[in-house]
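Scroll down for the structure; my scribbles are underneath it.
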Amino acid sequence: MSGALLWPLLPLLLLLLSARDGVRAAQPQAPGYLIAAPSVFRAGVEEVISVTIFNSPREVTVQAQLVAQGEPVVQSQGAILDKGTIKLKVPTGLRGQALLKVWGRGWQAEEGPLFHNQTSVTVDGRGASVFIQTDKPVYRPQHRVLISIFTVSPNLRPVNEKLEAYILDPRGSRMIEWRHLKPFCCGITNMSFPLSDQPVLGEWFIFVEMQGHAYNKSFEVQKYVLPKFELLIDPPRYIQDLDACETGTVRARYTFGKPVAGALMINMTVNGVGYYSHEVGRPVLRTTKILGSRDFDICVRDMIPADVPEHFRGRVSIWAMVTSVDGSQQVAFDDSTPVQRQLVDIRYSKDTRKQFKPGLAYVGKVELSYPDGSPAEGVTVQIKAELTPKDNIYTSEVVSQRGLVGFEIPSIPTSAQHVWLETKVMALNGKPVGAQYLPSYLSLGSWYSPSQCYLQLQPPSHPLQVGEEAYFSVKSTCPCNFTLYYEVAARGNIVLSGQQPAHTTQQRSKRAAPALEKPIRLTHLSETEPPPAPEAEVDVCVTSLHLAVTPSMVPLGRLLVFYVRENGEGVADSLQFAVETFFENQVSVTYSANETQPGEVVDLRIRAARGSCVCVAAVDKSVYLLRSGFRLTPAQVFQELEDYDVSDSFGVSREDGPFWWAGLTAQRRRRSSVFPWPWGITKDSGFAFTETGLVVMTDRVSLNHRQDGGLYTDEAVPAFQPHTGSLVAVAPSRHPPRTEKRKRTFFPETWIWHCLNISDPSGEGTLSVKVPDSITSWVGEAVALSTSQGLGIAEPSLLKTFKPFFVDFMLPALIIRGEQVKIPLSVYNYMGTCAEVYMKLSVPKGIQFVGHPGKRHVTKKMCVAPGEAEPIWVVLSFSDLGLNNITAKALAYGDTNCCRDGRSSKHPEENHADRRVPIGVDHVRRSVMVEAEGVPRAYTYSAFFCPSERVHISTPNKYEFQYVQRPLRLTRFDVAVRAHNDARVALSSGPQDTAGMIEIVLGGHQNTRSWISTSKMGEPVASAHTAKILSWDEFRTFWISWRGGLIQVGHGPEPSNESVIVAWTLPRPPEVQFIGFSTGWGSMGEFRIWRKMEVDESYSEAFTLGVPHGAIPGSERATASIIGDVMGPTLNHLNNLLRLPFGCGEQNMIHFAPNVFVLKYLQKTQQLSPEVERETTDYLVQGYQRQLTYKRQDGSYSAFGERDASGSMWLTAFVLKSFAQARSFIFVDPRELAAAKSWIIQQQQADGSFLAVGRVLNKDIQGGIHGTVPLTAYVVVALLETGTASEEERGSTDKARHFLESAAPLAMDPYSCALTTYALTLLRSPAAPEALRKLRSLAIMRDGVTHWSLSNSWDVDKGTFLSFSDRVSQSVVSAEVEMTAYALLTYTLLGDVAAALPVVKWLSQQRNALGGFSSTQDTCVALQALAEYAILSYAGGINLTVSLASTNLDYQETFELHRTNQKVLQTAAIPSLPTGLFVSAKGDGCCLMQIDVTYNVPDPVAKPAFQLLVSLQEPEAQGRPPPMPASAAEGSRGDWPPADDDDPAADQHHQEYKVMLEVCTRWLHAGSSNMAVLEVPLLSGFRADIESLEQLLLDKHMGMKRYEVAGRRVLFYFDEIPSRCLTCVRFRALRECVVGRTSALPVSVYDYYEPAFEATRFYNVSTHSPLARELCAGPACNEVERAPARGPGWFPGESGPAVAPEEGAAIARCGCDHDCGAQGNPVCGSDGVVYASACRLREAACRQAAPLEPAPPSCCALEQRLPASSSSTYGDDLASVAPGPLQQDVKLNGAGLEVEDSDPEPEGEAEDRVTAGPRPPVSSGNLESSTQSASPFHRWGQTPAPQRHSGRVVGAHRPGLLSPVFVYSPAFQSGGEEGLWMSNTCTLR
């Protein structure tokens, strides 16, 4: 800091006259200045500079200037008298170091400036804050993430600057990017992001960058199922006594707030954390009932690990599972309860100063908290102050109140430089704690003044509020006869500046502590005033300062006060003060009603400052429990504002909080001579300015007087750098919020997400919204931004949507015709009185009530107590196909007796008709899809026809003609032209330039002349002046005629003499077979012509639609669709182009690439609407997300990502070209493209070819002996379409071109030829014409269509592709579609429309009804080709009439196609099959007609391509009724009614059922298949067990890469299925609802790329299965064998296993022989056998086809023998085993375990507590054990045959919980003890 005084210096007499003892400290009489400014300026912020002028008789003009890199960037000035401020607006984009310069002028103008000075400041580029808000914290796949961004300045005003935003997935891949975002209103920006159906699960991040700073917010993507209720665990906040029991509570409530009734299971233990994380406690299991809530005991002594150290820290882990009365389950987990012996933590409060001032009392405060962060009451602490370890100056013991202890050290010696504070817990609630607690320390440094004059501000006693007047007490050790100057800084800027004279309000004297002997060294003090001698009495005067609290001071302000003594010494102090949060923009959001019923309309009322932009959201109340911090709160806003605070980093301890000396005992610490002072410096008045965040420039005031100033110098403390957070702000709690520790599983949806402007003068706005049908509570919130009032956040408002009486039921999504379903209906009564309910269930004709034949509705009576829910069950049978609606209506009547008055319920219909007024009514409708039996099949008849066709030709700016063939007898045509100039038309005898061609030029010579010449570029034979005849802005129409040798050219659509422009007569008529179009060099053009059909310009065709003879009756469906655009079907089915799954990296591209082609087509033809653009870009964004999940670390892609051994060359090229094409429409990270391109080039061979690195899933692309040729062509196409920017990339494509040019003549198969021709054409290779000639020679042309067929492929009988031999079939090898599409791409690239049209017609015939083709690759390539053709031929208009009629005379339909509906897919159902159809069309343009036929067949494959074996294993019935004799079945239903239909308990018993499915398959041709998909449908009412599916992925030898669960189907993906061995999958299925008479289901396997290669096999339950006897239907009860025939050709599936085991017994299973080697430790298997290693266990599981899993060693120590009534089973079935007789009130000392009943419980209820202890002594056999070990484990040594023992299970196990299984062993071993043994962590799945 430098300065220059230009006025005369004051005489030294002024200093000499000042009193030595400091009694007079008046304002200095000499003129001078002091300028204070923020040490950190911020870009875009108006910074305030405070100016103080001493003793000036008049105003001084002060100018301030900010200089960066030597150039002034901003300046300002103002007139100052005594004190004032100047404001500087810092430009945006500025950052780094800058100079702040100031000048003062005005006293003596003739002498120049009065003063000037300068100092360095830091300019921080962050001058605004960004707040990111999402609608939810957790999303499911396919959800849309809704994002709002609020940008504000430090004063909370909107900032309208450009933003950049992007989203990262958990792997760091950039999923989407928004550039140059601009707030749409008041600093608010809205965005949204669609998630794909298979995103990377985990934590995602939204990043927003503004002014060079990045802000982020995270959200999670998880898969979850919406439960019906919410489960919460409320444990104690902490464990007070480790030897006593605490109480916890489990709460289960429906989302609408009502309690859940059901069964509760609790499992808990104590686990160590941090250093003690290796300590694992013992589990305790409890079961009981629950109604809304249930208390339970937490006894830590039973769970805590044995012999834990004194300072152990852990947490109680609690799992709770509730099963409601309707069978719904929910699991919750909590580990938020700390367990530790030291219950109190000590912290010095944030306002406890780190320095003391001699002569003034030191006031401090200690905060005491319990482990959960709550205030600790009644804690006795001892506070000591020491100068040295042996020099104690203060000791006090205080008891805490509300967690606080205040203390005051009356006086500290004036010569003391340091004080050491020690705080220690002495007693809790009066009980001494001894040496159990470690003390906490704080080091205090001295403040120094040479005159011993000190100021001390006293903070207010309470947080300040905006609008009030703040009172600050100021103490001074010198007389209060001075002018007090003050500065208030907040958010890094000066917000208040002023002065006031000091008035003494209190005067007192106090005795100072003795001075230290060490003399005090003075620095920076005038020699005229030596230090005063120590005095016994110190006078202290007290004055006050009153300030108005403004919103700019929220939430944290810094107050600086100072005065100047006559000798120029500045005396100062500063403090920080808190202001309660306050928004100037007061925002509120309220509903018009607090409670409403679902479906009603409510008003959402918003109030904010007028002109505000308000964003409103309404989400389910449970969202707030998902993850803390997801919504924008005032706390987040004001915490961000605190970050603008700039304070001295030397002002606080490096440790944020107390510390102790690690490794030293308390005794050693007390005697230690080492005193660790963290700072060896004192503070002075200059530090007060620095602590406030200010820099000072002055010529009059001396501020720096520190002692021992080695560290604290001008050089050491420049303008301080900004911090990420305020070091003296409220420190974050060391205990995170409890909600963060809780894992929630209920994720509701968003209702409202909307922004609006408040324009009404009243500041109110209203949204009328319809309440969703959900019964729940909705929380409304609002955030507003205003230019005048700034940001505001509303308090949340609650709307409860609730019906006190309602009914609910669920149906399976899909049922097969003939099946019976047991449907639970639940009635909920929350009306406060008992209700007599009449439930009426109505069904349509195709659904029957089992046991009530012929009825369309059934009424049942029930009584429901208040606050409860009651279920009933109804059995339905389904016979009609399609979507069926079921309606339930419930009427409730008040009944105080709850049906105990004897009213009859035998005929509920009669009581239902009584005259009473119902107190509750509800009705619900649900839909269920009923499908036919068998396997669905489909084919599509397609026709693309053009009665007359408009052709669109685009010509580049080069002189090359594009030729179109002339229809016969056509001697005139009209053409619409758009061009700048030089449009040329050629009349030629061939499709190329010929010697005798006629050339017509329009707008030549820069659009001034037109002419006719008799050769290309020939001399004009006729010409005319035609200025501006052409235009690029519009199409202009011309006609051309050559009849009889007279060539005429005219303007307009119709020829006339007046319209002739130029004419010429030839000697003889020209031979015109082709018409060419071009533009000259330097001009581009577009031409539109009509190609006329022959004869009457109409189209007609007749064809037959049929189904196979064996089709399932009633399953036939046919739909006709017409659209006037070749891309139309694709436009209408962009998200579902194939009837195939999309589970790998290549198939996923079907969701991506077609959208690019469609967008390009619509954009090029100017048809892209905002709606279509939004939809297609959403698909692209989702496809991009999905594809990145298949990326490998080296930048390549493979079918299953990192699960594959290497990347795939073919797939990486496919992804590269697709991503490159998408760049025009969505964000594609250039790094992803560069990585893929680099990987590809690295694989190139020396000859320029690309080898097939990785697996090629579609073997057609290998092309036999020329396999490298098509792959090289494919890769070079990808590189060219991506673009070659570098020399390396261009060199790579050149090498590939040379390879293809040399290889093209040798490639004779059409696939290689088509790909090579397209690649050479793209490369503009001279070899391209010859390649095209060869390709044309291989074409198959018939019936006006052109295509290419496979050669050198498998010798496959046509029957392989045809499902039946009755000509009802459709199958073309997908490679043929692909190669034909490449030929079309070549034609469109050359502009050969005439050759392209027959190819388009053939491709259109191969399309499926969804707009795709047969597989992924052919669909993507064909759609790209069709899109390019559509761009080339687009004419803009259509006018067609299409008639369709059936020969059955039951169908006739006329479709009109015109410009307004040409992209609308018009459909009509064809009523009956088989039938003949006749189609006719007339008009202009082309259209695509498709007939989609679907049907079901019993066995679709005559010659299967795979062997397929299916096996269904069911557990034996346990506790079920014995099978009925046939006589009973033939009797009346009353003999054995389904009494459990209305019995919830019975249904629960039936529902706990699981089966094991095993499917094996192998390829029946040589070698192996392409990538294959195995589809396994599940029995109705069952769902797949995900855990068993996940186990399949662990077997690397199986070849299974992925599985998907799609509804009732499980799909398994294999990269190939070999022929040498059986590929098998085995998994479990769990029953969800009871279904009887289950239908046989088809398991199918097929080659993904050639779906005609397939096999299908049916399976069903066995005749004797309990599943076959669940439900009855009259006389045919349980007789599944008598199921009626389902129509011609139908054969029911085999009962029992679908195949005999010996059918595949001779063929080995793939992957059973593992290369295990000799490594690995012994592993206990779930079958009780010890295996040499985990590898050997997997090998045994494969060979035995058994679900063996690793188990704890204790599982191999005992044979778990079930009760005699049960058969042996695997461990995973133990959940259903009834406990043995040894249950309660038994203590077995030898076992170290106890089971006891926790009475009292209601009769019939038992809550069991099981406690684990050390294992008993075992001393024989091969058991490794120790009597001194406390571990409950015991394991076998590695022996050939482990010894087995018998026992009985006495403890139940529930799947999915970490719960023990208990085995009672009466005679464990000879010499052993009787005992109850526990498998400690045996989680049997």
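Cβ atoms are placed via backbone N, Cα and C, with glycine included.
Annotation source Swiss-Prot lists compositional bias 'Acidic residues' at 1794-1806.
Per Swiss-Prot, the feature compositional bias 'Polar residues' maps to 1819-1831.
The disulfide bond annotation in Swiss-Prot covers Cys1712-Cys1742 (among others) and rests on sequence analysis.
Using a 10 Å Cβ-Cβ cutoff, Cys1735 (disulfide bond) registers 16 neighbours. Annotation note: Cys1735 (disulfide bond) sits in a helical segment as assigned by DSSP. Sequence annotations record features per position, and here Swiss-Prot assigns disulfide bond to Cys1716-Cys1735 (among others).
The disulfide bond annotation in Swiss-Prot covers Cys1724-Cys1755 (among others) and rests on sequence analysis. With a 10 A radius on its CB, Cys1724 (disulfide bond) counts 24 other CB atoms from all the protein chains.
What Swiss-Prot records for Asn117 (among others) is N-linked glycosylation site. There are 20 other Cβ atoms within 10 Å of the Cβ belonging to Asn117 (N-linked glycosylation site).
Around the Cβ of Asn190 (N-linked glycosylation site), the same chain contributes Leu146, Ile147, Ser148, Ile149, Phe184, Cys615, Cys755, each under 8 angstroms and 6 or more positions distant in sequence. Sequence annotations record features per position, and here Swiss-Prot assigns N-linked glycosylation site to Asn190 (among others) based on sequence analysis.
Taken from Swiss-Prot, the feature N-linked glycosylation site covers Asn267 (among others).
According to its DSSP assignment, Asn757 (N-linked glycosylation site) is in a strand. Per Swiss-Prot, N-linked glycosylation site is recorded for Asn757 (among others).
Among the features that Swiss-Prot reports, N-linked glycosylation site is placed at Asn1439 (among others). According to DSSP, Asn1439 (N-linked glycosylation site) sits within a strand segment.
Positions annotated as region 'Disordered' by Swiss-Prot: 1514-1548 (among others).
Feature annotation from Swiss-Prot assigns region 'Disordered' to 1793-1852 (among others).
Of all the recorded positions in the record (Asn267, Asn757, Cys1724, Cys1735), the one with the smallest CA separation from Asn1439 (N-linked glycosylation site) is Asn757. Set side by side, the glycosylation sites Asn267, Asn757, Asn1439 differ in how many other CB atoms lie within 10 angstroms of their CB, and the most is found at Asn267. The two recorded residues, Asn117 (N-linked glycosylation site) and Asn757 (N-linked glycosylation site), have Cα atoms 48 Å apart. With Asn267 (N-linked glycosylation site) as the anchor, the candidate recorded positions are Asn757, Cys1724, Cys1735, Cys1755, and the one with the nearest CA is Cys1755.
Cα of Cys1735 (disulfide bond) to Cα of Asn757 (N-linked glycosylation site): a distance of 66 Å. Taking the Cα atom of each, Asn757 (N-linked glycosylation site) and Cys1755 (disulfide bond) are about 67 angstrom apart. There are 26 other Cβ atoms within 10 Å of the Cβ belonging to Cys1755 (disulfide bond).
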